[in-house]
Amino acid sequence: MMLSFFDQFASPNYLGIPLIALAIILPWVLYPTPTSRWINNRLLTLQGWFINRLSQQIFLPINQGGHKWAMLLTSLMIFLITLNMLGLLPYTFTPTTQLSLNMAFAVPLWLATVIIGMRNQPTAALGHLLPEGTPTPLIPVLIIIETISLFIRPLALGVRLTANLTAGHLLIQLIATAAFVLLPMMPTVAILTAAVLFLLTLLEVAVAMIQAYVFVLLLSLYLQENV
């Protein structure tokens, strides 16, 4: 009996224990820990350069008050990139294909940016709900629309990350299955399909990194509006 293509997104269990916690904790073990020496090795130097460039790219347009979030958002982006990249390996589970996990990241961080805006600059935060120069009859309608769009933001963050990764994994599995089935019947077509699969895998590596970057970039834009 053939397994469903969606079985790869089910959280694995061993002896009745869900292994999603292990999949979430594992990425932090892979990173080298900094040393107290003046001169680091190449891996630590590359890691430090990568983190500095990401932090600079994200927090350059944000004022000084928002730089307190640098460690949190940078750690989140590296964490998401690592989970997405590890999920492309064979016989692995990708926790970021679970909407519940992505919403657990998106909702608290989005809510924190809204609370900061309401606490530090309530007038400006509420002013985003009504664009300047709006005709009087449209004021109630625009306030309702902007309020709905504000509450849709965390849902869009979680769904975007989940949908892109899920679609990529399904497409890879479909093309890989087609190449495996076509190999004994039409070897030439199977080789061409395998080439397409290789190119798609390279594309998915880029998507895994870009989606993590977009997730954190949108959070930084929400933070920029409220600080």
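Every residue, even glycine, has its Cβ placed from backbone N, Cα and C.
All annotation found in TrEMBL is predicted automatically rather than curated by experts.
Feature annotations, courtesy of TrEMBL:
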type	residues	note
TRANSMEM	12-31	transmembrane segment
TRANSMEM	69-89	transmembrane segment
TRANSMEM	101-118	transmembrane segment
TRANSMEM	138-159	transmembrane segment
TRANSMEM	171-199	transmembrane segment
TRANSMEM	205-223	transmembrane segment
Between the transmembrane segment (138-159) and the stretches 12-31, 69-89, 101-118, 205-223, work out which stretch tops the count of Cβ pairs under 8 Å. 101-118
Contact set, same chain, for the transmembrane segment (69-89): CB under 8 Å, 6 or more residues outside the stretch: 23-24, 26-28, 30-31, 51, 54-55, 58-59, 95-97, 105, 109, 161, 165, 169, 201, 204-205, 208-209, 211-213, 215-216, 219-220, 223
Which bits of the chain, at least 6 residues beyond where the transmembrane segment (205-223) starts or stops, bring a Cβ under 8 A of a Cβ in it? 54, 58-59, 62, 66, 69, 73-74, 76-77, 80-81, 84-85, 87-88, 105-106, 109-110, 113-114, 116, 153, 157, 160-161, 164-165, 168
